[in-house]
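Below is one structure, written out as structure tokens, with a few remarks after it.
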Amino acid sequence: MSLHHILTVARFEVKILFRSWFFRIYSLLLLFVLTFFNLVNSATILQTPNSWNFTGLAVGIPYFSLMALNLSQGVLAIFLASDFLKRDKKLDTTAVVYARPMSNADYVIGKTLSILWVFMVLQAIVLAESLLFHLFVYDREVMWSAYIFLPLALALPSLVYILGLSFVLMRLLRNQAVTFLVLLSYIIVTVWYLGGKYYNFFDYLALHIPLGFSEFTSWTVTSDVLWQRAFYFVVGLGMIGLTAVLLDRLSENVWAPRISAVVTVAIFSVAGFLGFKYLDVTKGNLSRLEETAKLNDEWVNKRVPTITDYDISVSHAGNTLQATSELTLANNHATALKSYVLHLNSGLSVSEVKDQDGKSLEWNREKHLLEVIPTKSLLPKTADKLTIVYKGTINDDLNRLKDFEKESFRILHQKITYQYAFLQSDYVLLPSSIAWYPKAGVGYSPSYPLKEVQQFSSFQVNVETEMPNATVLTQGKSSESNPQKFTSDRLGGMSLIIGEYTKIGKEIDGMEYAIYHHKKHDFFSKQFDLLTDTLDTEITKYKSDFEANLGLDYPYERFSMVEIPIHAALFGTTEAEQIWVGEMAAAYPMFDFKGFDKFRNRRRGSGGNNKEEEEDPKVAQVKLFRRAMNSLMKGMVGFNMELGDEEERNPTNLLNLFYKGVYYLDAPELPYLNASLQQYLKEENQTDKGRRRWGWWGMTFSEKANKKLQENSLDQILKDEDTEKDIKLYAINAQGKMMFHMLKKELGSEAFSSYLANKLSDHQFQALPIESLMDTLDDSGLDMSDYLRPSDKKFEMPAYKIREVEQHKIEVDEYERFQITMEIENPTSVNGLLQISLEPRGEGGRRRRRRDNDEDNTVVRYLKIPANEKIKAGFVMNEQIGRMNVETFVSKNIPSILLYRFEKVEKNKDMKPFEGIVSLPKVNSGITEIVVDNEDKGFSTYSNVQQAGLLEQWINFDKKENDKYKGLNAWNPPSVWEATVLSGFYGDYIQSAFFIKPGKGEQKVSWEAEIEKRGTYEVYVHQNLTAKRRGRRRGSDDAKMSDYNYKVFHDDGEEEITQRNDDFVDGWNYLGTFYYSEGKAKIELSDEGSGEGAIIADAVKWVRLQD
């Protein structure tokens, strides 16, 4: 192999590639797209709402540019790689006459280097453009390491791999067009299907590989990521070597092909090792978590001591932590404790355990569990003291137990590794849940999550660090001594943060407020420079309003917002006294202050003919402050985030500081009540009570949880590995949710809220026994047996048939009022409860749209529905109601929240006002009608189109079975009939329908009814106008929606009926009158149509006319 030959080939090939028009056009198009995207996201230039998810993170700009280049360069590389082999094949016609003075390896390596050089130039141009935007537009400090690391880790392995694959396929297929098509298909399949499969092993483009960066901790790339990127790089090298072996060219040296073959085999061997190592590390991480979970499940029922006091001395040096913890333990059980079950992070090694007399004790350690054997058993109602000495590092296993496979999350285009704790020489972040100090019990148990121990202890913590200019943050009152000392009484846990922070602090009415941010991240102070004289008032008002809405006082003397690395931004983001915010608040679009200012100015029409009066700058800052606080304190993260459970969707919700780690409802027989109470308080503090967006996405987690609870006990659901995490959380909340709302109904809203607040305040930082909470029920005589069930029993649920929902305009004492009436039947053997939320209309009859800080005018009422009863309920309202939401809580109803709109209200002079409920007889109305719904046996679908191709089925071989009910995607409906649920469809308990894309009429549904008495029948079909109009494009109307083609079978034959879309009304629609004899009656609906939206099949009704 000759370096001269390689460079010669590379030099001339580079000239040819740069002259390629395909390369020039494709590169210019890519640069145009990237430039346009940067301009759109630049609020400074186009004055559009800036994507804070994009610019808030330090490496967001170069990351996006290289990700776009990485995705697109594959197509260009395929063409260039296959093109040079195609040209080489033409020249090889004379190879039988002479031999070129170079080996195949020289030739192929030279060609490869030329392509790599061309792409390096293209990458340099792309990064230069990103750098210019970085410097002059986005006002963010340049992270130079990103411009070096990302090309090497992201783009280079992908490029080498796709080049090698292109070479090999071109040699095997010997056709450029076929090679291009095959590889393009491979890229598409990888992007849409294979990339996220099997631990991201097939993701050669690194779309699912986390490469996150933090200005606190620099690059936190795990070893498995490096193994995966190295694997694809080496595989690419191996395929380049294989190309040299397969190349049909004469060689001057008989040994050259053999040497190339040996080297190629060696390279593939290295690639095999790297791939094996990647899978081994990835599987090993999951295996370690499974072992930890299994260990917790085995030990979770062990009795544990109560730790009342801590005295902890911590020393931080480099990447290690050394600590001595003195614990005071109490036995609150009825029998003696022979051992103390504790847990401590498994990265920390215990060196010694001593009793209060300084004598060494026997102890056993298995992973994170620490079992201490005292010299004598600890008797009930007595105390003991321990001293535990330990040293080491920290791992994330304990915090990852809640979701094994969730290793990363996405903010816009960036995939970021979850890392819940950091222990580095220049930064420390240790949440209390990571167990950096000994804690009672085993921690979180996946199979028994309700048995996690919650204790309240007093803390004294001394912290010493070698980090220069470090700020130490933990809970409690701090001293300026060295080591720094923190003291606090009765907390649920302690966290520890050490780093270089800048503090902005203020004391208001005896409360210490502080913001701790990275020294380079003060992007907000200038935005509120006019509020120096009113900021105290705004903060105090916000705190008071929050306390008033919740009915609880803020439980701490300090409140701090602490900026933390983005990797930990969606976990454990509230600790006692503190809210943790991911760096630059990148998850919160409202913190793009500059972009919002530009957008607001543009919306006001600045520079236009209808320019509005300029807003006072101080007023504008007040509004901006309130919006930012709402966004942060109510946990309203951006839409460009990949989110999971409630804790992740609302990571900084201020309510967590009012309840979590402050109160604990102790109910050993009903362990779910604590979680249910916390969820109840969250919902009560929402500013949009009773509101719910239309359920376009199929069944909600709450409805899925209700369905699971019908068939399984709560304990069975929690132990089921196949049940989604969110469903488990909603199942836990559902068990006790109805109980709290029933108490609210029986005791009165204000009375119950006051009673609950007093009870909680009396038990701050201590367990609240369930008996203490429920003692007031002894006087009320309220039976809660229908709402309190053990977690090991199946949940018997009510079900509701709601009919005849109407609103009329009436007169009451010469005043105009609005009467709401409805009929409700609960045919089950258990009592039920409904929450009715009535939303008034605004002026002009339009439903009000609330803005931030507006008063919520929704009226909330409760209805208790007895078992096996049918009732009529009525409400007299002062204002016209625009929409009514009926929440069924834990029930068989799907959707669980039913929505009713009142478009028109007729005046009824004869109707008397009716407020309350009355029982109705459950008798047949005498009207002869037959209804067949899509949930009934008489309904069937006929489809001859396979929804998924064979390739897709093979790729998704491990995919779990989908839900029966899909989301109503009317913009892109399915090609076969699929079921969906939405309030407004017909149904007794399940309001569902089938929908399909308009087609050629080959896909059909039919309704069959059994006619028991011959006669003339009117036929009706049910339609939900809200669902039907869902797929209508903006600016379109019903006339452009697809028509419906029915076929009615009757005694006189069959009749085809085309129902124009704009002729439908909400509810029952008349099709025609037909004569039927005894026997089957059938109606068909096909997918024939060509308009917008979807064709929906719900229910059909036959009404017999009187003779």
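Start at 1 and count along the chain as shown; that gives each residue its number.
Here the Cβ of each residue, glycine as well, is placed from N, Cα and C on the backbone.
What TrEMBL says about a protein is an automatic prediction, not a curated fact.
Annotation source TrEMBL lists domain 'Golvesin/Xly CBD-like' at 976-1103. Taken from TrEMBL, the feature transmembrane segment applies to 21-40, 60-81, 115-138, 144-170, 177-195, 230-247, 259-279.
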Is it true that the transmembrane segment (144-170) and the transmembrane segment (230-247) have 3 or more Cβ pairs under 8 Å, skipping pairs fewer than 6 apart in sequence?
yes
Chain residues outside the transmembrane segment (115-138) and at least six past its termini with a C-beta under 8 angstroms from it
10, 13-14, 17-18, 23, 27, 30-31, 34-35, 38, 42, 44-45, 55, 61-62, 65-66, 69, 73, 76-77, 80-81, 84, 147, 151, 155, 159-160, 163
Among the recorded stretches 21-40, 60-81, 230-247, 259-279, which has the greatest number of Cβ pairs closer than 8 Å to the transmembrane segment (177-195)?
60-81
Which residues, given as numbers and ranges, are at least 6 beyond the ends of the transmembrane segment (21-40) yet have a Cβ under 8 Å from it?
46, 48, 61, 64-65, 68-69, 72, 75-76, 79-80, 118, 122, 125-126, 129-130, 133, 137
Per-state residue totals over the domain 'Golvesin/Xly CBD-like' (976-1103) - DSSP helix, strand, coil:
10 helix, 73 strand, 45 coil
